[in-house]
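Student: What follows is a structure written as structure tokens; I'll ask about it next.
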């Protein structure tokens with residue numbers, strides 16, 4: 001008799017994806033973040049579901065309903081902070097996951113990479129809409145500023161913004177639709193993540209050396225399940241430390257003030273994980289130019305497969321490209337810092353230089369490093 005996990009139509013799919021999956025024997029801990037992203041997504045859906053049971057998407061009661069969750073609902077404060085800080089952990093894992101793909105040349109799996117970028121964009125949209133829901137000062141003004149950017153689109157801009165708002169300003173209609181989208185998008189993300197996995201299993205996983213590993217594969221279970229459980233425990237430990245000791249460290253104190261359309265906060269800024277893109281947006285004095293730079297700062301990832309000039313896939317044996325990669329990481333950290341600073345000297349010029357360097361590295365310096373390395377190896 002055949003084992004049920006190999007014969008049952010549904011369990012068979014799970015078996016081929018997580019149990020008997022042939023996996024390269026040399027993949028490092030940088031590959032752990034894919035499973036951590038799955039854990040983060042499930043955690044966000046579950047905590048979000050419990051929050052939605054008590055939340056009211058109405059401008060008059062939204063702020064009070066969040067306060068009610070924290071004060072009166074059993075462990076409501078914990079669910080709320082798990083959800084808020086879970087988003088931060090999600091983005092940390094996501095940035096590392098994308099960085100790992102870039103470093104080890106995983107972008108040569110075109111379909112997997114492109115669906116990954118779509119996932120990134122959907123996730124950013126979901127997080128932005130979630131930030132609006134508590135209806136604090138930063139929620140309201142963040143929503144106003146970011147949605148207003150669409151007015152830079154020639155001819156249809158103003159109509160588009162009013163259509164998104166559902167009126168002439170961010171109001172009840174905006175909050176209701178943002179809640180609806182924030183609720184449905186995680187399930188779309190889940191479907192996209194399954195598609196992402198499906199395309200990955202068509203080609204098989206990449207590995208640090210970047211060369212085919214068909215001759216040296218091991219089953220995913222028990223080797224990598226144990227490794228993933230260790231990563232998951234560390235993630236949960238860090239998340240619980242954040243939630244139980246300093247839940248507001250990554251948030252903005254202005255969001256504890258109820259939204260007031262008549263009073264603008266001194267510094268409007270998004271959550272920390274959007275600050276790099278926000279810094280690029282602010283570094284261009286022209287509104288349309290800033291919006292284009294902001295959009296292109298994420299969409300540029302779609303060009304990376306066609307900008308790959310090296311004859312080696314991974315950066316493991318390419319010291320020049322490694323320097324460029326870590327320079328890019330340092331540049332993104334600089335942009336994140338600048339995004340949280342006020343618009344004044346010297347932050348303006350630092351932001352502009354960091355933005356120029358960001359695009360130069362991806363479009364010019366990294367492809368150039370690949371060409372130089374090829375010539376050094378006489379290829």
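Glycine too: its Cβ is placed from the backbone N, Cα and C atoms.
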Student: Kindly point out the range from 12-32, 33-53 that Swiss-Prot annotates with transmembrane segment.
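Tutor: The listed stretch tagged transmembrane segment in Swiss-Prot is 33-53.
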Student: Do any residues of this chain, six or more beyond the ends of the transmembrane segment (33-53), have a C-beta under 8 angstroms from a C-beta of it, and if so which?
Tutor: 69, 79-80, 82-83, 86-87, 89-90, 93-94, 96-97, 100, 182-183, 186-187, 189-190, 193, 228, 231-232, 235
Student: Judged by the number of other CB atoms within 10 angstroms, which among 83, 97, 182, 196, 201 is the least packed of the binding-site residues?
Tutor: 201
Student: Please give the sequence-distant neighbours of the transmembrane segment (288-308): residues at least 6 beyond its ends with Cβ less than 8 Å from one of its Cβ atoms.
Tutor: 98, 102, 105, 107-108, 110, 113-114, 117, 120-121, 124, 149-150, 152-154, 276-278, 280-282, 355, 358-359, 362-363, 366-367, 370
Student: Under 8 angstroms, Cβ to Cβ: which one of 77-98, 113-133, 226-246, 320-340 has the largest number of such pairs with the transmembrane segment (178-198)?
Tutor: 113-133
Student: By a Cβ-Cβ criterion of under 8 Å, what residues six or more beyond either terminus of the transmembrane segment (226-246) are in contact with it?
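Tutor: Contacts with the transmembrane segment (226-246): 29, 32-33, 35-36, 39-40, 78, 81-82, 85-86, 88-89, 93.
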